[in-house]
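> What Swiss-Prot records for 8-290 is domain 'tr-type G'. Positions annotated as GTP binding site by Swiss-Prot, on the basis of sequence analysis: 17-24, 88-92, 142-145.
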Amino acid sequence: MTRRTSIERYRNIGISAHIDAGKTTTTERILFYTGITHKLGEVHEGAATMDWMEQEQERGITITSAATTAFWRGMAGNYPEHRINIIDTPGHVDFTIEVERSMRVLDGACMVYDSVGGVQPQSETVWRQANKYGVPRIAFVNKMDRVGADFFRVQRQIVERLKGDAVPIQIPVGAEDHFEGVVDLVKMKAIIWDDASQGVRFEYRDIPPELQAQAEQWREKMIEKAAEANEALLEKYLSGQPLSEDEIKSGLRARTVANEIVPMLCGSAFKNKGVQAMLDAVIDYLPSPADVPAIIGHDERDREIERHPADDEPFSALAFKIMTDPFVGQLVFFRVYSGVVKSGDSVLNPLKSKKERLGRILQMHANERREISEVYAGDIAAAVGIKEITTGDTLTDPAHVIILERMTFPEPVISQAVEPRTKADQEKMGIALNRLAQEDPSFRVRTDEESGQTIISGMGELHLEILVDRMKREFGVEANVGKPQVAYRETIRSTVTDVEGKFVKQSGGRGQYGHVVLKLEPQEQGKGYEFVDAIKGGVVPREFIPAVDRGVRETLNTGVLAGYPVVDVKVTLVFGSYHDVDSNENAFRMAASMAFKEGMRRAKPVLLEPMMHVEVETPEDFTGNVMGDLSSRRGMVQGMEDIAGGGGKLVRAEVPLAEMFGYSTSLRSLTQGRATYSMEFKHYAEAPRQVAEQIIAARGSGAAARG
């Protein structure tokens, strides 16, 4: 089987947006116009093709990023066939891990904005993630038919808030109820879509006279941006010669691919206007796998190597999503960066040092699947039959090993105890939780050693709620869930030296002897734990030094204040002694543990609590109530601004997570259900003394017993 589409005609794109900007509807229209779905799925009827998990349909929000393949020949049928792989990404803050994960494997993104709401809190998070992975993007201002729609305001917000160089390549014809179509600034023609054919047919018309001056003004700005792509275009532009349509497009393309500009389009996906032209813009301006730099990884000796997006290079791919499918079991979604792989081939997972046989390879369309025999560089597909794999692992040709950069995942900030209702549920729950943790690296499962309870941790209340819900639906596990618990941390504030730990047992026969002297220092936030060996003259033999490190590491899990994990400390092994016969690894491990506990007590230990960045959008009448309530939750209000279009106020604050439980219910009653909020983890901060004392007292007996 040979390649159906050359790699230059591939587009791997993500569609990202703030919740409710109409992203799922936009994706639906793409599937419709590219000829895959024949009835348009509407989100508000719970029937969208991409939202394929039951909870998504009920909640009307997209949770799992499904990958879909579509083909496009241009809205006027004037392009060779292009293959567009779309990764649908969630717009809810609790699911940013999904967005981060898909950004890693995309070549380009289409950012969808609501014409009224504009740039919203989640849009900023998604933008930062796209910057982190260097993903070129175009912007689509959706819902132009809404009351208060303002395309140019969104353009200003992208420039001011996101610091993106937003370049309109279209302007709207009308707005709100009178939104009819767009002016294509490259062709200088109006595009009007036909309602009767659900937007499949369209016609070019002359620009309405009242828009002519505005169109010329924005076209001039666009041409200036395009001309800056290279010397030849700039020279031609500066000498006053007109640039051709192809020259404008190639200039805009070069600057978009280089992440210098963001072409902007508009439309109303719901009213079947604009999505078709946005698909053309994906082809015109977003990169193919061949336009982005080669992927860099490391070989087994940790030397840097690269792979180019070509079929004749050795096979390399990244597993970016793992899902359990009710029909075929575990599905591993992967992006092929180089080479070709056939079903039945063996590939190596170098991070697990394990060879895996690819059973079947499936190409997905939402939750429909087509079996294919091989995949090529640039493809996105799903494999069945891979046993041991975690999100972010590399799959590679066993004869030419490469380890691609691992993704980084945030630490969970909220925990809950979860208990099976019956004995039968108990066994199923273990299997279900392990499956879910394998699919979602921001979800953790552990057993509390004291209480024996199973503790689940995640990125927010909604995140855990949905995972418990999935346990019930997909695995038939009925479980009771405890009150959410905050993931506190402990650290130290001062340096202590000469902290001694001695573990000696000599009672006939072979004894135990380990003796260490440690120095403890606070590290800057986020630096984590660091161990330094400063032993001179072999007073502690080489072979016992890893045991000292291990002893400290094990003790980090339970701090001395309230038994929470310890972060951001530097431990230096400065001195010690040993016994020729009685010393062993275990003795040094115990000595290090004793020394660390003692040192921590002396180093001014403090309790840290997670602080959340909270944004509340509220009608103006309730602003005082909202701010007062946030302050009563120990929140620091950091700013307030008008929501464009007379839509009330946006209040930004930093609030401890411990004070935010059940906030959605309180906010509803404070504002008669008219305010919305979003929240994401910001950083850890020292808890005030009286708060810390309460937490320590509540955990006191346990911590005292542990100490």
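A Cβ is built for glycine as well, from the same backbone N, Cα and C atoms used for every other residue.
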> Counting all other Cβ atoms within 10 Å across every protein chain shown, which of the binding-site residues Ala17, Met144 scores highest?
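Of the binding-site residues Ala17, Met144, the highest Cβ count within 10 Å belongs to Met144.
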> Under a three-state reading of DSSP, tell me whether Met144 (GTP binding site) is helix, strand or coil.
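SS state of Met144 (GTP binding site) = coil.
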> I'm checking region-level scores; what's the whole-number mean pLDDT for the domain 'tr-type G' (8-290)?
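So the average pLDDT across the domain 'tr-type G' (8-290) works out to 83.
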